[in-house]
Amino acid sequence: MWLLQGAWVLAVLAVLADSSPTASPPDKASIFADLSATELRAVRTFLMSRPELGLSPSRGGPLAKNTLFLVELLPPKKELALRYLDQGGPRPRRQARAVVFFGGQTEPNITEFAVGPLPQPSFYRPLRFKGGRTIPFAARPMTQLEYELLHHTLAEATEPLYRLLRDSTGFWFHNCSRRCLTFSDIAPRGLAPGERRSWLVLQRFVEGFFLHPVGLEVLVDHQDPDPRRWTVQQLWYNGQYFSSPQELAERYEQGTLEVAQLEEPPSRQLFSSYEPRGRFTTGTPTEVHGAKVCEPQGRRYWLRGNRLEYGGWSLAFRLRSSAGLQLFDLRFNGERLAYEVSVQEAIAFYGGHTPAAMQTKYMDAGWGMGSVTYELARGIDCPEVATYLDAHHLYDADGPVRFSSAICIFELPTGVPLRRHFDSDFQGGFNFYAGLEGQALVLRTTSTVYNYDYIWDFLLYSNGVMEAKVHATGFIHATFYTPQGRRYGSRVHSHVLGNLHTHLVHYKVDLDIAGPGDSPGTWGGRDGGSLGLAAPTGASGGVSAVPHAPPMATVPSAQDLVAWVTVGFLHVPHAEDIPNTATPGNAVGFFLRPFNFFDEDPSVASRSTVIVRPLDPPTFSQLEIQRWTPASPGPCGAPGPFTYNG
C-alpha cells in the first residue's frame, strides 16, 4: 500500500556510471520532456502567423494589444501516456500549452491554447476551464512592459516629493543617476473582482534593496489598459495616510510632517550585503575550502535525455516554466510507484501595519515560479561534480531564453549510514559489524521569486524512499518600521520590520501502485504477487507519505488516488535573517516510504556495504573485512577553479 499519514515526528524540524546526456532522449521518457528551443520558436512562429489572433511582440508598444505570454509543454493525457508506456499503444502527439493575453479587443481576456503537433504545429484550440469561464484580463500576471510603465508612472507621481525624498533618504526617482529609488509590488492587486491596483513599497536602490524601505508606500490603480489613465489613489508615509502626493508634499513644506530621517548607507559592508564582516571567536580557519562532494570512481547514475536512473530508481523529469519541477513515471526495480510527483504552488501570507504588508498574499506560480531558474553556482548551490543542465523558457519574452545550469543532479553523502549494526558479544568484543553507506541522488533547481529564493529538491534513496524538500532562503519581505508594526513582526534593523508570514508549499502526488485504477477501494498486498493500496490504518503492500511538518491534505479522486500534499511553516523574522534567511530550520517536505511493498529492504542490492567479522575471538587480532567496492576510494579534488556566468 501507499499510505498518506500525518505523523509529525520531530516537529522542531518544521521542517549514475555514464551520465552524459545523449543528443536525443529515449523515446518513452521524451513524451514528458520540456520543449526544446526549436519547438518553442516553432510554436511562437506559428501563432504569430495566424492573422485571426492578431499577436504583437511582447516588449514595447501599448498594453492594449494581443501578446503571447507563455509557451510550455502540454503533457499528454494520463490515459494515453500509460497506453503508450505500458501497452505498446501509439505515441501521444506532442503539444504545447500557450497562454495568450488578448488585451487589444473589446472584451480583454486571457486564453490558453493547445498547439500541435510538434515539431511542426498546424493547429491550435482553446483549453476550456470548468464551466466554460474565461480568465479576466485584470487577473493576468505582471509583465516587464507593465513594470516599466509602473516605474514611469511612479516617477511622475513622486516629482512633488523630490525634496522630501532627497532630504530624508538621499535618494529619489526622477533624474536620479546613482541615487535612485526603486519599488517592490505586492499581491493581490485589489480586493474585488476586476480590480488591478497595487501597493508599491519604495526602497533605496542599493545592494539588497529589499531591506531598505524608505517609509513611503503608494497605491496605483493600473486597471485601465491605457497607462495615461493610471492614477495614484493613496499614499502611506511613516504611519500616516495621504490622498495625493501633493498633500504629502504640502505637509512637508509646512513643517507639520513627522519625517523619517534615514542615515546615509555606507559604501562598503552594507548590512544587506554578503560581504564578510566580524570574526569568529575561536579563530578556526574559514579562508580555506571546507568539505566537498566528490565522485572518486565516477558517477553512479545514468542520465539519458530526461530519463534519470539510480540504483533501483527510474523516472522522467521536466522543469515547467509555470510551476517548476515535475516528475513522471517513477519506478523502483521496474514497478511504477507514482505516475506524477510535482511542485504545484508556493504561497506566503503576510501580516503587517503598513497597507502593503497587511495585503500581501503571494501565490508564486502567478509570478512565473518555474521560469526564474537562474544559474546554479558550482560548489555552492550544487557540488562541483554535479551534472548541470540548461533550461529554455518562453515566458514574457519574444522568443525562448536559455537559462544555463538551471538544474543539477548529484549523489550526496548523507553523513549518516543508511543502515548499521554493531553486534556485541557482551564480553568486551563483538560478533560482527555491518554498515551501508548513506547516499542519495539529488535532483535540484531553484526559483528566485523577487526577494525569496526557493531551493527545490527531490532525493532518491536506495531503500526505495523518495523525499521531496524545499528550502527557503533569500531576503525577507520587509516593510518600514513603526512602533505599531511590532505586533506583526520583529525589528531587524533601525528602520526595518521583518513581517510575520506563513509559507505553504503545495505538491501533487499521483500514486500508481496498482496501476491507473488504484483507488481507496482497491485492496491487497503481496499475496499472490499482487500489489494494492491500503488505507492509512494499515493493510499491507504500500508506501506511506510522511510530511516533515503539518499541514497536509489528501483528496482522492474517482478511479485514481491523487494526494495533494501541503507542507509549510510559520516564519517569524529575526535579526539573524539579515542579510538573508538561512536554510537550516527553514525546510519542509515529505517522504514517500515503502510499507510492506518489498519483501525486504531493497537496499540489500547495494554493493556499498561493509561487513567486519573477527577471525580469532576472543583475542580479535585478525579481522575479515568484506566489501564489494575498492578498498580505497581514491583522491578527491575539485576539477577546476570556480566560474559563474549568471
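Every residue gets a Cβ built from N, Cα and C, even glycine.
Here TrEMBL flags 1-19 as signal peptide. The domain 'Copper amine oxidase N2-terminal' annotation in TrEMBL covers 39-122. As annotated by TrEMBL, domain 'Copper amine oxidase N3-terminal' applies to 140-239. What TrEMBL records for 292-516, 558-603 is domain 'Copper amine oxidase catalytic'. Feature annotation from TrEMBL assigns 2',4',5'-topaquinone to Tyr452. Feature annotation from TrEMBL assigns active site, schiff-base intermediate with substrate to Tyr452.
Looking only at the domain 'Copper amine oxidase N2-terminal' (39-122), the predicted model's pLDDT averages out at 96. All protein chains shown were included, and the count of other CB atoms within 10 Å of the CB of Tyr452 (2',4',5'-topaquinone) stands at 21. Among the recorded stretches 140-239, 292-516, 558-603, the one sharing the largest number of Cβ pairs closer than 8 Å with the domain 'Copper amine oxidase N2-terminal' (39-122) is 292-516. DSSP labels the residues of the domain 'Copper amine oxidase N2-terminal' (39-122) in these numbers: 20 helix, 27 strand, 37 coil.
Note on the domain 'Copper amine oxidase catalytic' (558-603): DSSP counts are 5 helix, 21 strand, 20 coil.
Here the domain 'Copper amine oxidase N3-terminal' (140-239) has, by DSSP, the following mix of helix, strand and coil residues: 31 helix, 31 strand, 38 coil.
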